[in-house]
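Enquirer: First the structure, which I've put down as C-alpha cells, then a few questions once you've had a look.
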Amino acid sequence: MTQAPVQTDILEIAREQVLERGEGLTQDQTLAVLRLGDDRLEELLGLAHEVRMKWCGPEVEVEGIISLKTGGCPEDCHFCSQSGLFQSPVRAAWLDIPSLVEAAKQTAKTGATEFCIVAAVRGPDARLMAQVAAGVEAIRNEVDIQVACSLGMLTQEQVDQLAAMGVHRYNHNLETAKSHFPNVVTTHTWEERWDTLRMVREAGMEVCCGGILGMGETLEQRAEFAAQLAELEPDEVPLNFLNPRPGTPFGDLEVLPASEALKAVAAFRLALPRTILRFAGGREITLGDLGAKQGILGGINAVIVGNYLTTLGRPAESDLDLLGELKMPIKALNETL
C-alpha cells in the first residue's frame, strides 16, 4: 500500500487543516503564511475567503463607534493621539447623552447591529461609569441596537456593573504580541489587559479583542499575536492598521504596505477560522478602496462604518455599497437571522 505524500505547502496544509477541519493554524504555520511571496497573495486570499464562508457564513456584521470621552488619557500608548502625554492636537472633551443617543440612531440606520461607546481612559472612574450607565439605558430605550463598551481596564465590580447594564460586548485590545507590547506601551502591562478580558468573559459578556498592525512588530511577533488571540478565543477580533498620528512616538512610522496588510488579514482568518474578524481603523490609508474589497474577499466578515475616534473613515454609504456589490448580506438586515 502506497503511503500518501506528506504535504509541505502551507496553503495546502491550511486547506486541509482549517478549511476542512476548522482547526486554526499554529503560530509557526501562521508565520509561514505571513512569509509567503506576493505571487501567492491571490491564492491566499481565496483560501481565507473560503474559510470565512464555510465557518462564519456570508453575513457581514456592521458596527458604529462613538467617543464618549475624548483625549486627556494618562497612558502612553505610542500610537494614540488621545494620550495627554504627547504633543498631539486632540483635546479632552465629553459627549452628552442626547448626542450619544442620536449617534446610535444614525448607526442603526446603516443596518448595524452593534454600537460601541468608547472612552479614552486607563479605566473608568465613578463619573464615567455613571455616564455610561445613563447612556446605555437611554440607547436601549430608544434604539434597536446592541451596545458594546470600550472603557479601558476594569475592576471586577465595574465588570459586574457593565454586565448588569446589559452591555453585550466589551472591547479591550491587547494591541500587539506580548513580546512587542513594552515597545508600544510602558504605563501598564499586557497582563493587565489580559486580566480585564478574562473577567469580561467570566461575567458573560462577549469579548472583543484585537490590535494594530504596522507598529514595528516583526512577522514572528505578528504570528505570536495571532496565536495569543487564538488562545484567548475572543468573539470578535478588530484589525486596525497604524495610521501614524502627528505628535505621537509612532507618528513617523511608515504605513504598512497593502500586500503585507492583506497577507496579515488572511493569516489571522486562518488562525481564527470561526471568529468575527473586523476591518477597523487605518484600512483607508493602508488599503484604499481596492484593498477594502480584497480584504472582504480575503477573510473579513465585519466592518466599522463611519468615522473612528480621532480619524475619518469611509462614508457608511461607501461600505454598504461595497457589500451590496459583493453580494454580502448585512447581518442586521438579514431576515433569516
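Placed from the backbone N, Cα and C atoms, the Cβ positions cover glycine too.
Below are the features I grabbed from Swiss-Prot:
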- 58-283: domain 'Radical SAM core' (DOMAIN)
- C73, C77, C80: [4Fe-4S] cluster binding site (BINDING)
- C116, C149, C208, R278: [2Fe-2S] cluster binding site (BINDING)
Enquirer: When you average the Cβ positions of C116, C149, C208, R278 for the [2Fe-2S] cluster site, which other residues in that chain have a Cβ within 8 Å of that mean position?
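Expert: Other same-chain residues with Cβ inside the cutoff are E63, I65, E114, A148, S150, R169, Y170, N171, E236, P238.
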Enquirer: Please list, in sequence order, the residues in the chain of C149 ([2Fe-2S] cluster binding site) that are at least six apart in sequence and whose C-beta is under 8 Å away from its C-beta.
Expert: C116, I117, V118, V132, V136, L162, V167, R169, Y170, N171
Enquirer: Fill in the CA-CA distance, C77 ([4Fe-4S] cluster binding site) to R278 ([2Fe-2S] cluster binding site), as an integer in Å.
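Expert: Between the Cα atoms of C77 ([4Fe-4S] cluster binding site) and R278 ([2Fe-2S] cluster binding site), the distance comes to 21 Å.
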Enquirer: Suppose we draw a 10 Å sphere around the Cβ of R278 ([2Fe-2S] cluster binding site). How many other Cβ atoms does it contain, all chains included?
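Expert: Taking every protein chain into account, the count is 22.
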Enquirer: DSSP secondary structure for C73 ([4Fe-4S] cluster binding site), reduced to helix/strand/coil, please.
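Expert: The residue in question, C73 ([4Fe-4S] cluster binding site), is strand (DSSP, three-state).
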